[in-house]
Structure formats: C-alpha cells, structure tokens
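Before any comments, here is the structure.
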Amino acid sequence: MNLRELVSALNDFASPALAESWDNVGLLVEPSPPHTVNTLFLTNDLTEEVMEEAVQKKADLVLSYHPPIFTPLKRVTWKTWKERLVVRALENRIGIYSPHTAYDAIPHGVNNWLTKGLGACTSVPLHPSTAPSSPAEGTHRVEFCADAEHLDAVLSKIKDIPEISCLTTFPARAEGEEQTRVSLNCSQKALLEMVALLSQNSLLHHKTEILLLQKPLLPHTGMGRLCTLSEPVSLSVIIERIKGHLQLPHIRVAVGAGRTLESPVKKAALCAGSGSSVLKGTEADLYLTGEMSHHDVLDAVANGISVILCEHSNTERGFLSELRDALAIHLQNKINIIVSEKDRDPLQVA
C-alpha cells in the first residue's frame, strides 16, 4: 500500500482525535514520497534494538504504540538514541507511526484487551470520549435578531472578536418585522465578549439565545475501564488470572486496608500503562495498571482498594498480537504485518 493510503486506513481504525491532548500521535517520520509499504512492523516501544530488528526484517513502516518522538527534537544527529532512531529510519526508508492513547480509548483497543485478564465481566470507560467532530468548533452557540439599521455595525464588531466561528445570517421575522437572524459558535472566552457586545443594545440583548454545545459521548470509548465481574472472585484468583493473561511470573500487589487475599473482587478499575490520573477517585475493589506512584498506592490502600501493578508496558505489549490480527482484517490482508520479537519491558525481577 502507498504510505499515505495506509496512514489514512490506520487513522480510520483509531482516530488520532481520540488521543489525549498532551499526546503526540499519527505519522511521526515520513520517508520522501512515494513510499510503498509492504511490511508493517508492530512494537510497543521503539528502542535501538527494535529498530535494528525492523531494518533486518525490511519493514517499511513501524507502528510504535508509544511515540518515540514525544518532546520536540532541536536537532537530528547521532548524539542521542532518539535522534539516532530518526536517522536510522530515514536512512532505511522506514516510516514511524504512533497511535498511543488513541488505542487506549477505542472499544477494540488496549484497555479492552486488558479487561480480558479479569475473567468474564462487563466494562464501561472511566472517562468517556466525546465525538471529536461534533460540533467542530466552540463551546457555545449564540443566536440573535438584528434589524438592517444595526446589522452591519454588529457584524463588524463580532469579526473583531477572536475565537468566533460558524458565523451565518438568515432572514427571520420578529415581532412582526423582517429582521436578520445571526448565528455563531464561540469559545467560553469569546462568549463573555459577545454578551458584553449585545448588552450594549437592549433590542438585540432581549432576542438572544445562548446554547451550550455539548459533544455527544461515543459508546464504549474513552480512557480506562470500570469492570463488573460476572461472578465475584477472590483477589488471589484475580492475581493468577492477570499473571496468566499477561504471561508474567510475578506482579506487585498491595492489599487494601481491611482486605485479604481471599477478599472478593466484584468491581475492578483498570488503565493500561501509568494509570494513576485515570483511576484516582474511582470506587472499586481493585485498581489494575502498569505503574502508580508510591503515594497514590498508599491512598488507594487506605481507602480499602487493592492495587495490582505489572510494570508499564507489560499491561500493553500483549495487545500487539490481537492488533496484528485486527489490522490484517482492516487492511484486507494487503500487507505483511509482523510483531517485534525484541520489544520488552526494560524492568525485570532479578
């Protein structure tokens, strides 16, 4: 497939608009076009060892779940390992694409895969995603009527206000008079300026409607998951299930205050990777994530919530095999898709 065609298909699989605002997702490194992709190479982390593997396996595009370019690069030299990744990629005509938190949010993504380690359960997002394109811009819609005498002057002033969009006018009839109805979208900041402007003319002000533009929630989409098990099981059983699902010999466990390893788990809140900010404040019997700060663990335990930590990328990497199969279907088996054999969590139990 042509690279741009493939990127479009990957964006359809998981819209980059679903990623967190702080994230860096999408096509990060692009070889000069045209660029044909015969082999797509999947990895959780793009390290130098993994890049060498991608070169040896003649990959044309690396899909790295974590973005190898996160903070801006001021230069591209051979000095640091992340700069070297870019050099190696371009020298070998390998593109780099990262989905990261877009894959966390989608219903068929990383967090959904992680729920399978709990056993039979139902789940809902902890922080639901909203439709990214509805509405396209603004937090509020303002509508008002103006007569011909005031219309041009008001429109002129409105155009001087930043963060105004979707400005339209159409004929209207108010109090038996032919007037013009003005409709616009605006930000919270611009709303204050609009109200001040319209308040200067009582005839305009009394015919004003202000609507809050709420984006609809996307079903089964968002950050984290709150899972309700079909049948409560002990914490010790959950531990063994998680170890089996993630194929780990050891995980870290903090038992909630007043609980034991035999205490039942009915509700579990989870978030792949580093989940403190997503899980915080959620009522559950168990928090499952890759890593949390010491003090966040103490808070959870004090509130009677047990915590299971599996190390950051161990809660994500196993998804790659499922992703390979899903992308093969999505891309109609047009390209070869392989999963890295060198990719691994940097931490291990010694």
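Glycine is no exception: its Cβ is also placed from the backbone N, Cα and C atoms.
Some features that TrEMBL has for this protein:
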type    : residues                      : note
BINDING : HIS66, ASP104, HIS312, GLU316 : divalent metal cation binding site
- Task: Determine which residues of this chain, when HIS66, ASP104, HIS312, GLU316 are set aside, have a Cβ within 8 Å of the centroid of the divalent metal cation site's Cβ atoms, and list them as they appear in the sequence.
- Result: ASN44, TYR65, HIS100, VAL110, ALA272, GLY273, SER274, GLY290, SER313, THR315
- In all the protein chains shown, the tally of other Cβ atoms within 10 Å of the Cβ of ASP104 (divalent metal cation binding site) is 30
- Indicate the candidate from HIS312, GLU316 with the smallest number of other Cβ atoms within 10 Å of its Cβ, considering only these binding-site residues. HIS312
- How many other Cβ atoms sit within 10 Å of the Cβ of HIS66 (divalent metal cation binding site)? 17
